[in-house]
Amino acid sequence: MDNDKKHVIPREQYRRKRHEYFHNEEREERLEREREQRERLAKKEQEQAKVNEERVKDNMRKARIEKLTQEEIHQQQHLAKLRSDNESDQELNDTNTHHLTLPEEQQLKNEHKENNDKVTKPTDEMEKQEKEDNNSASSKHDEIEPKYSRVEKNKGKQKQDNINKSEVNHLDKSEQTKKHKETKESSEDVLETNKSQKIEQKEQKASSNETSNKELNSYTKDKNNKVEDNQDLKKASSQNLAHSNKLEENEHLENEPKNNDTMDKVKDFLKLHWLKIVIVVAIILIVILISAIISTMNQNSSIEQSSNNDTKYTTTMKNAETAVKSVVTIENDTPKNITTQTIDKTNINSNNEVGSGVVYKAVDDTFFILTNTHIVGSNKRVNITYDDDKTATATVVGRDMWSDIAVLKATIKNKNMQPIKIGHSKHLKLGESILVVGNPLGNDFKNTVTKGIISGLNRAVPVDFDKDNKNDEWVNTFQIDASVNPGNSGGAVVNRVGELVGLVSLKINMPNIEGMGFAIPIDAAREIAEELEKKGEIQYPNTGIGIKNVSDLMPYERNLLKVPEDVQNGIVVEKLKENGLGKKSGLKIGDVVVELDSKSIQNNLQYRQIIFNHRQDLKTLSAKIYREGKSQEIRIKLK
């Protein structure tokens, strides 16, 4: 090719690729689903056709069997009838032949021959040949023997039997042909109905019809053979039946004396052992009576148990009536403002003037009353109301702010006043039933009794005693759900046997909170009361330090004191009293105390609680502190 000429591809050689259209996957999936659905439907139709074909075959078999059985029954009945007729005819012939003369016997033979000729005409060729042979044989015997002998009589009997047999065979064959025709007609009717119902499955039905016809023909042939065999067996069966009937009669006759023997044996047994039988029946009756008595006793015990439950309630009422006689109303000289100490940053009894008290001890006419410190306040004398609006003046024997326990003493000459029975709070159980007796809202609702349970044990509740909006100490209490209202403070908490187990002191008074009251355990209250009776006050150890909570420190204060970052709880020493126990123990300002007496300290309330718990033994306590960011151990003295 020349370089100057432009290279051009002829158009007939230029074959542009055909544009490939977008491959529609959804359409192919839809077509595939439709194809699979058609295949499933075709498969179901084939299965249904097979099922229908099997049903048709079963119905045809059942129809054939029913028809053949019915025909066989009719045939057997007919054969039995013919046999009975033949036997009766033979008996008549036997009787007649003995009384007939020789000419009469010859005439009877001729009649039998004519009857044989008439019967054998409609039979088959094989039967004709057999009869011709029999006739020829009989004729030969007739020529040899004399005509009027006993042999001729026997031959006549044999001929009559042969005639009857030929009749029976002829009837059997005619009935068999009828059966075959009827079975064919029934099968054709069934096939026609099936063809009308299943036009789409002609080929399958045709094949099924052919097989069914073959089966039917084979079955009919077998049945015909069986019928011929049964004819021979029926003779033997009839003989067996007669024999069996005779045996049954004999057995029945033998069993009658046996039954009589058993009845006699039963009667003899009853005569011999009647006493034992009576004893056994009596024992059974006694057992039944005992079981009935036990069941009634169980019912009575259940009734008694329910009545015991009622008596428990009655005991509760008695306990309430008894406790009411030991509870008094306490009023101090300050203006009336009926409240109750609370824990919601406001006090239940802000002015501390009206509440309740419990008489726990009596010496002659002198009664000792247990109440709360926040009711008595700083007064030395208070007014009490008891019985039916009777009043008296009580002297304050002692008070303890930290435990909220005060003891009063009053001289009262009244037989209705009596000290309450004291129990033990260490035996209290969660969920135990209790009664609260007090004077809510003063004398207007005095001797009010409410019922509840112990909702919690060992509750440490923070309380503000000096009204500076700062909690001063944790008070050890147990929680109750009985109704506690202003004026119930100092009231009695009574257990189910009427014993004093606590002294009402606090309640939570916050929105959406109900039924959370707290009582001081009687064991702790009684210990404080005994000490107040002796000394008039409670002396607590004082370490002589001013403290602040670590959680209240500002970030710059933590940096100045070099408090480690992982220390979030504890107390910081802010002040030290000259010659105080804290300074003598080696504490310095800025020390951070995190452990005391092997217990972690959360705040100043817990520090004070641990110190106060050792008010009697005053032992030296080990402490862990941080000083300048370094931890060390020291020992704090309490005396």
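Sequential numbering from 1, following the chain as shown.
For all residues, glycine too, the Cβ spot is worked out from N, Cα and C.
If you look up Swiss-Prot, you'll see His374 (among others) marked as active site, charge relay system. Around the Cβ of His374 (active site, charge relay system), the number of neighbouring Cβ atoms within 10 Å comes to 28.
The active site, charge relay system feature in Swiss-Prot is assigned to Asp404 (among others).
Every protein chain shown contributes to the tally, and the Cβ of Ser489 (active site, charge relay system) ends up with 33 other Cβ atoms within 10 Å. For Ser489 (among others), the entry in Swiss-Prot reads active site, charge relay system.
The compositional bias 'Basic and acidic residues' feature in Swiss-Prot is assigned to 1-13 (among others).
Residues or ranges marked as compositional bias 'Basic and acidic residues' in Swiss-Prot: 21-75 (among others).
Annotation comment: Swiss-Prot describes 106-187 (among others) as compositional bias 'Basic and acidic residues'.
According to Swiss-Prot, the compositional bias 'Basic and acidic residues' annotation covers 195-205 (among others).
Swiss-Prot lists 206-219 with the feature compositional bias 'Polar residues'.
The feature compositional bias 'Basic and acidic residues' is assigned by Swiss-Prot to 220-235 (among others).
What Swiss-Prot lists as compositional bias 'Basic and acidic residues' is 245-262 (among others).
The domain 'PDZ' feature in Swiss-Prot is assigned to 527-629. Helix, strand and coil counts from DSSP across the domain 'PDZ' (527-629) read 33 helix, 25 strand, 45 coil.
Residues or ranges marked as region 'Disordered' by Swiss-Prot: 1-262.
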Length of the line joining the Cα atoms of Asp404 (active site, charge relay system) and His374 (active site, charge relay system), in Å: 7
His374 (active site, charge relay system) and Ser489 (active site, charge relay system), distance between Cα atoms, whole Å: 9
Residue counts (helix, strand, coil, in that order) that DSSP gives for the compositional bias 'Basic and acidic residues' (21-75): 51 helix, 0 strand, 4 coil
